[in-house]
Amino acid sequence: MESLCFHDGNLADFIDTRTLHVRSDINHSLQMHSSFVRRLSLERELEGHQGCVNTIAWNSKGSLLISGSDDAHVNLWSYESRKLLHSIDSGHRNNIFCTKFVPETSDELVASGAGDTEVRLFNLSRTHEDTASNLSAHFQCHSRRVKKLAVEPGNPNVVWSASEDATLRQHDLREVTSCPPAESSHQECRNILLDLRSGAKKSLGSPPKQSLMLKSCDISSTRPHLLLVGGSDAFARLYDRRMLSPLSSCRRQLSPPPCVNYFCPMHLSDHGHQGLHLTHVAFSPNGEEVLLNYSKEHVYLMDVNPIHPSAMRYTSDDAMKFFNPTGILKEVQSKPPVSDFFPNRFPAKRNLAARLDQCRKLIQIAEKSLKEGANYYYGIEACNDVLHGYGQIGHTLMHECLCLRAALLLKRNWKNDAHMAIRDCYRAVEIDPTSVRALLCMAEALLQLGKHKEAMEFAIGGQFSAPSNMEAAEMVEKIKKRMDLVEAEASNKAAKGGPRFETRSGGGSGGRVISLSDILYRADAIGEEDTLQPLSGSGREDSDYEEEELELEFETSVSSGGDDEEEEEESNNLQPTLNVRIHRKFDSTVNTRHTTTTTSSSSCGSPKSSPRSDKLTRQNERAIDMKRQYVGHCNTGTDIKQASFLGQKGEYIGSGSDDGRWFIWEKSTGRLIKVLTGDGAVVNCVQSHPFDCVVATSGIDNSIKMWSPLAAFPCVVDGIEIESGDILDIMEANQRRLSNNRAVSVPFDALEEFRMHEFPDGSLRPFECVQS
């Protein structure tokens, strides 16, 4: 009988190796073997919550699973029996967003963080119905929702909490087990490890100004001094806790501390990405990589170590050149073409011939896809196999495959495909500066992005390289017509004039001015296409679901008319200001419409002083670029959607999705290998068991799903297993949801009749709407 073959080896070979040689990593290698992952199927549903399950976490031994829900209960489950052991009424007054086992406490101490701004710790050895009897610690110092908790392996004394109040706090259980509420003026908690209330950046080169609402954090299991955070801008930040300042209080706002590294795909590091923010950040099991899940974007993998060959570091100047590549032709075309060689060593002729033959077959599949204008996804996957799955293939074949993948990306035209095509074209032009195909693909990509001037430069460059090439001449004409059309439209608009305030493009309201009462009370004012619909069946009044809902945000800040050095002395000149922001609910990128003088207290929500960041010049920051992109899921609805490494070695990537499914990709290639239906609406959490090939998922449903390998192999179509439906239809629907992000701009005139009410914690929120 012929044995089954897998890219990561046969199980029989592993067993033979184990009997002949001692292998310490044999369990690691077998946990997420491809034969197991391909057979993952729903094994059991754990029922016991009465609301959406927002967080799940395994203990270090894998014997217990903890969960938190909108029902404000913390549930403890047995892995062996798949049964509920304890259900604790946490006492939280809002949705629980994060739960953790505290290490080295015999799994008796668990922590929870919730939308009521509180962090609570419970002792499971005291299983009483009375919440106060179970409560071991109670921290109330945050002023906004607590979205994530972190613990350090081997440390039973400290818990960290990340909140949307832009602080990450360190709770040392040896010093204190309770703290006063955030609005208290009698005491202050000196537990702020990261103060990022002026830490958010619009771009890599811009100074930090806005509040960075933290959505996620993680501590490296191999180097616990490394701390990773992500929130309401495009940049994940890596900090070394040994280099941070002593813990501070919220009474005085501090400048954001310097971080070890920024992580952000280069094409996302510039201005103009409305609503882009991070919902989850995570270290790989070996601590060498980080995974970022973006709202309204894809999942990205980066290297932690900046000296790693694949850890591409870039500056704000590099990012500007990426978006405005006017000098690339001069830079690249001054270099000679790269010769076709294998840099490390020349492979054996037999292996090289077989490998190149397989690569050419894959390229033929991709060429056929491009020619027929169908199945672009599979053509791109064939190119990915060539570029990532066959090692060194030589520069000639690499150049051909890069140009082909760029052309396929432009035809597919999913979210950010044009940016990915530009990356491929850059690499292709570096190999061959006279490549007409690469230059014309670059021009087409820039044209899709609306950068007509830069597109024209590359089209003319292609025409210069091959004067007789008809495609180059046609591209130049195409761009000229587009530029003329854009200029004519701009002239007509200027001649006609327009209303002072109008909705943004795609807003669906036909340019009408929308009143505040329309937004608050009449969803139909936004237009039929943008009608705000709540999530059916969710039953949550204050859930984390982000379904096209608008909200007002009021932020206070304090500034003075003097120099930075004189601010402390001239405290009498301080003028508190109110920033009124209107945006979609949970949307991190908001536009300030008006600033007015008001009064504020000196509570946690309104620090006594803030750094004068408006005097800062453009900063020459450095960031680490993406190593791999994972595409197919949809993340637009919730701020707790995870992307996780699966297995002890992290060979696979798993992520939830807004279509009720969860996706599994091969980490090394980015290939999507499995799509499973995991929820009636949205899958948020994906957590792999520490040792077994078992994955737990949760979302809007009240249950937790347990996934394990079944005995029989599923039917695999085109390399991807899916339970039902067509994979391309599913992925394309998700891409449409990612791309259809409409923002509504509201004129300030609508705010004039809107009164404010100041709450005790110093934050300003709407009180009532007065009709004229």
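Please read every residue number as a count from 1 along the shown chain.
Keep in mind that glycine also has a Cβ here, set from the backbone N, Cα and C atoms.
Taken straight from TrEMBL:
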type	residues	note
COMPBIAS	543-554	compositional bias 'Acidic residues'
COMPBIAS	562-571	compositional bias 'Acidic residues'
COMPBIAS	588-610	compositional bias 'Low complexity'
REGION	490-509	region 'Disordered'
REGION	530-619	region 'Disordered'
REPEAT	46-87	repeat 'WD'
REPEAT	676-708	repeat 'WD'
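On the 0 to 100 pLDDT scale, the repeat 'WD' (676-708) averages 96 in the predicted structure. Counting residues of the repeat 'WD' (46-87) by DSSP class, helix then strand then coil, yields 0 helix, 24 strand, 18 coil.
Secondary structure of the repeat 'WD' (676-708), assigned with DSSP and counted as helix (H, G, I), strand (E, B) and coil, comes to 0 helix, 19 strand, 14 coil.
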